[in-house]
Amino acid sequence: MSNLYLLPISVFLLFNFTFIGTYIAAVLQGHVVPTVPYISDAATYSPESCVFGQFINIGCVLLGITIYVRYRQIQELSFRHSDVRQALGRCSGIGFWIGIGSCLGISIVGNFQETNVRIVHYVGAFLSFGLGTVYFWIQSYISYYIQPYMGTMQKANLRMALSVVCTVFFMIVAVTGVISHILFRGTDPRKWYPSDGGWEYHVASSISEWIVATAFCFYVLTFTDEFRTMQLDHPPLILLEIDSSRTYEPVINDAPVAVISLSRPGAPADDDGGGGEEGDGASSNQNHRPVRSFSDTDLKLLCRRCSEPVRFAGGRKRSPVARGTPQSQRAPSAGCSVANHPPVAAGKLGSLTLSLMLVALMEALHSLTLYFSDSLRQSYI
């Protein structure tokens, strides 16, 4: 079972909690009247506007992810079933971008209050409710064509009914809202009283807005069961190699590794033309051993053991390297070949350590000089 079903549930709970919580806080603060204000009117003044904007932004992100997951779900069905692909065409892709536009409108409504930037607030409301209603109609249309692969006919009918409700009450919000503001004669629209004019239209518009917002939340909640039947993995990550980024030198240089090949001295080379397959395999296994990599510690230990004298049966000791031979003329032991690698830059490390010590000493002398000067100044004063 997938956890994607938590997305529509989170959107439903978060938006409803934000709307109701902001309304209660605004009424308790005395910023609006209790008689059904607009949702955005309850989030006009601080601190309600801050909380409202933050939760609305989080809800928009979750809603956008939900719309994307729904798009990928329909896309996968179209890939698997040719009849669904022929019936829908580009309908799912168009619906995806319309849904993202609705998320953008909701975010604009939450961040631009009506009292501060009225035109932008109204544009965001039109995008959220208008494009959201169009998106719901598209999803209702898709729900009928994905039968019987996903969903049920009852759920498709429910989505169609919610789309009708959103369309009717969105039109009521638009018409009655304009009429109520034309007839308003008060001073503060957030505290709209019956004596201010246009009271009936204002109540009809605000109630319709609450109905549309609730229908939006319930429509998103209908995706819960369908999201249980799929799982979405993390998108693949591809690292691109850029040549210009390799112009710098590495901060830490890796220590050189000595590669020692262990082969029997004087062993004959493999002859391609001689012997059978069994003979070649046996000679190859006897003459060649796997190559190993040694660190500096292993190399020093190996050289120390190679320099020790060898005891023979007669009690005599013999060193593998002839005495009196210069170091540059000494050949390595048979069967042991050490690859030449550059040494570690120990001189640079020592110079850096010495420089740090000198800087610390200078700082100490400077602090001691300041201490004595302050003591002498205080004694003279």
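Each residue, glycine too, has its Cβ placed from N, Cα and C.
Your range for transmembrane segment, going by TrEMBL and the list 52-71, 352-371, is 52-71.
Residues 39, 41-45, 47-48, 51-52, 55-56, 58-59, 62, 190-191, 210, 213-214, 216-218, 220-221 of the same chain lie 6 or more positions beyond the ends of the transmembrane segment (12-32) yet place their CB under 8 Å from a CB of it.
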